[in-house]
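Peer 1: Below are the features I grabbed from TrEMBL:
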- 36-53: transmembrane segment (TRANSMEM)
- 65-83: transmembrane segment (TRANSMEM)
- 89-109: transmembrane segment (TRANSMEM)
- 183-207: transmembrane segment (TRANSMEM)
- 213-232: transmembrane segment (TRANSMEM)
- 331-352: transmembrane segment (TRANSMEM)
- 372-392: transmembrane segment (TRANSMEM)
- 413-433: transmembrane segment (TRANSMEM)
- 462-484: transmembrane segment (TRANSMEM)
- 496-516: transmembrane segment (TRANSMEM)
- 536-559: transmembrane segment (TRANSMEM)
């Protein structure tokens with residue numbers, strides 16, 4: 001009977017072997033490129049739409065954009081939870097792309113019909129902006145409904161799509177681990193290509209042919225993204241939701257509290273774990289660690305209290321947890337300081353998408369007779385990343401791999417650290433460039449002028465290029481770190497947590513701008529950048545970034561990478577495969 005079962009299982013195994021891999025990942029890359037083209041085009045230019053067409057103030061425009069961006073990234077937790085608990089990653093992508101299409105449709109309608117928005121004040125001198133008509137309640141409701149539907153849609157895609165692509169590789173196999181690392185690099189590459197088209201082609205359309213046509217192009221791009229992700233359905237290795245990972249974590253905390261009076265056994269092998277076929281088709285068993293030892297009480301099946309009284313054997317998920325469940329909870333606790341220490345970098349990134357875009361509108365944007373739209377300036381770091389990513393993947397990683405023996409070349413946390421250092425340098429450079437820009441305005445008596453300053457906008461390319469390199473190191477490092485270190489049933493949710501660093505960065509940006517305005521007496525309170533103290537603000541961010549890096553180093557030094565035992569289907573002999581991520 002055992003032989004027959006093995007024979008019958010071979011066709012299934014052969015069919016499974018044909019799934020996944022680079023062929024399936026190509027559809028993920030195409031989907032990400034198209035969806036991100038629409039998202040980044042709006043992220044880079046909506047501040048000018050709010051300011052020049054919806055007549056919001058400069059500060060309100062900046063905070064509206066950062067709130068939208070923050071919401072888009074923090075809602076990834078919703079998509080990640082749904083993907084791990086109820087739907088497959090594929091279904092999550094499809095549903096949330098459809099939601100994004102509805103949001104873009106509303107924005108397109110509002111941009112097309114003038115009566116749905118106030119009369120635009122584009123081109124009005126900053127000192128006269130108070131005369132512009134403010135949007136009414138119904139116009140703001142339509143604007144915010146479209147914005148936050150788009151935020152909800154893109155959040156689900158960002159949570160599920162990277163995990164869907166990463167699922168196509170076997171991270172437990174050394175070759176698969178190297179391919180998985182390459183996947184995240186090429187995922188960023190496809191994201192970058194989409195972003196380049198977004199900040200050039202789409203932004204050019206919004207600047208020269210109207211926002212309604214720009215939103216139409218974004219809608220079409222997202223529609224094609226939906227088609228591409230569906231085209232790869234027959235090739236995907238689809239995850240099977242294993243129940244709520246948050247429920248498992250809650251169970252560990254509850255049981256640990258219930259068993260708080262029990263003594264942890266000296267022999268940790270006495271703690272409860274499943275090593276037989278109850279584990280299922282593919283079960284990941286985590287080795288016990290010494291951190292957060294109080295949680296180990298959740299895996300005590302029987303024991304004694306501090307006064308020597310014995311306790312009976314207990315059963316049930318709310319009375320007894322496995323060591324693996326406990327370690328999964330410890331993993332999440334250990335990863336939280338890492339994600340929190342990268343938040344401030346994204347606060348800095350928010351300034352490059354708001355105030356730096358406004359800087360560009362005050363500068364000379366001519367290039368060989370062509371006027372470069374201000375929101376297209378981020379094409380500079382994106383182009384830099386376009387060339388840097390293949391160099392990193394094809395040259396740096398193979399060399400580093402030979403030296404360190406690590407499939408990814410360097411550890412995930414080391415890669416993140418490089419990005420944090422570069423972000424601090426970028427803010428310092430931004431302060432220097434803003435100081436020069438203000439000097440040019442004073443020198444040519446153009447402080448209150450709406451005319452562009454005689455200073456090339458490409459000066460801003462320096463700060464953007466440095467930050468682009470920082471983003472390449474940190475963003476991919478975070479995505480790969482959280483996917484690799486998370487439990488099997490938390491891949492999407494963990495990917496979502498990595499995006500939350502960006503969300504908290506945008507929300508923190510709103511707070512920082514408001515606090516700095518109050519404490520400084522109005523560094524950023526004017527609608528005129530030539531009179532603001534934006535250079536001081538950039539230098540403040542640079543100093544805080546250095547302090548933040550010091551905190552990150554402490555957190556990274558304290559972190560312990562997980563060690564895994566993998567039990568595969570049919571192997572119930574007690575033998576396990578040890579894997580250290």
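Just so you know, the numbers here start at 1 and follow the chain as drawn.
Every residue gets a Cβ built from N, Cα and C, even glycine.
Since the structure is predicted, the reported quantities are computational estimates derived from the model, not experimental observations.
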Peer 1: Where among 65-83, 413-433, 462-484, 536-559 do we find the most Cβ pairs under 8 Å to the transmembrane segment (331-352)?
Peer 2: 536-559
Peer 1: Is the transmembrane segment (496-516) in contact with the transmembrane segment (413-433), using at least 3 Cβ pairs under 8 Å (sequence separation of 6 or more) as the test?
Peer 2: no
Peer 1: State the residues, same chain only, that lie 6 or more residues beyond the ends of the transmembrane segment (183-207) and have a CB under 8 A from a CB inside it; answer 'none' if no residue qualifies.
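Peer 2: Contacts with the transmembrane segment (183-207): 25, 28-30, 32-42, 44-45, 49, 162, 165-166, 168-169, 213-214, 217-218, 373, 375-379, 382-383, 385-386, 389-390, 392-393, 397, 472, 475-476, 479-480, 483.
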Peer 1: Six or more residues beyond either end and a Cβ under 8 Å away: which residues meet both conditions relative to the transmembrane segment (462-484)?
Peer 2: 162-163, 166, 171, 180-181, 184-185, 187-188, 335, 338-339, 342, 345, 348-349, 352, 356, 377-378, 380-382, 384-385, 388-389, 392, 408, 412-413, 415-416, 418-423, 425-427, 429-430, 433, 491, 494-495, 497-498, 501, 581
Peer 1: Counting CB pairs under 8 Å, which listed stretch among 36-53, 65-83, 213-232, 372-392, 496-516 touches the transmembrane segment (89-109) the most?
Peer 2: 213-232
Peer 1: Look over the recorded stretches 36-53, 65-83, 213-232, 372-392, 496-516 and say which has the most C-beta pairs under 8 A to the transmembrane segment (536-559).
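Peer 2: Comparing 36-53, 65-83, 213-232, 372-392, 496-516 against the transmembrane segment (536-559), the winner is 496-516.
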Peer 1: Of the listed stretches (65-83, 213-232, 372-392, 496-516), which one yields the highest count of Cβ-Cβ distances below 8 Å with the transmembrane segment (36-53)?
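Peer 2: When the Cβ pairs under 8 Å are tallied, 213-232 comes out ahead.
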Peer 1: Do any residues, 6 or more residues outside the transmembrane segment (65-83), come within under 8 Å Cβ-to-Cβ of it, and if so which ones?
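Peer 2: 39, 43, 46-47, 50, 89, 92, 96, 147-148, 150-152, 154-160, 163, 239, 241, 244-246, 350, 353-354, 492-497, 499-500, 502-507, 509-510.
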Peer 1: Under an 8 Å Cβ to Cβ limit, what residues of the same chain, 6 or more beyond the ends of the transmembrane segment (213-232), are close to it?
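Peer 2: Counting only partners 6 or more residues beyond its ends, the transmembrane segment (213-232) has Cβ contacts under 8 Å with 24, 26-28, 30-32, 34-35, 37-38, 41-42, 45, 90, 93-94, 97-98, 100-101, 104-105, 107-108, 111, 157, 161, 201-203, 205-206.
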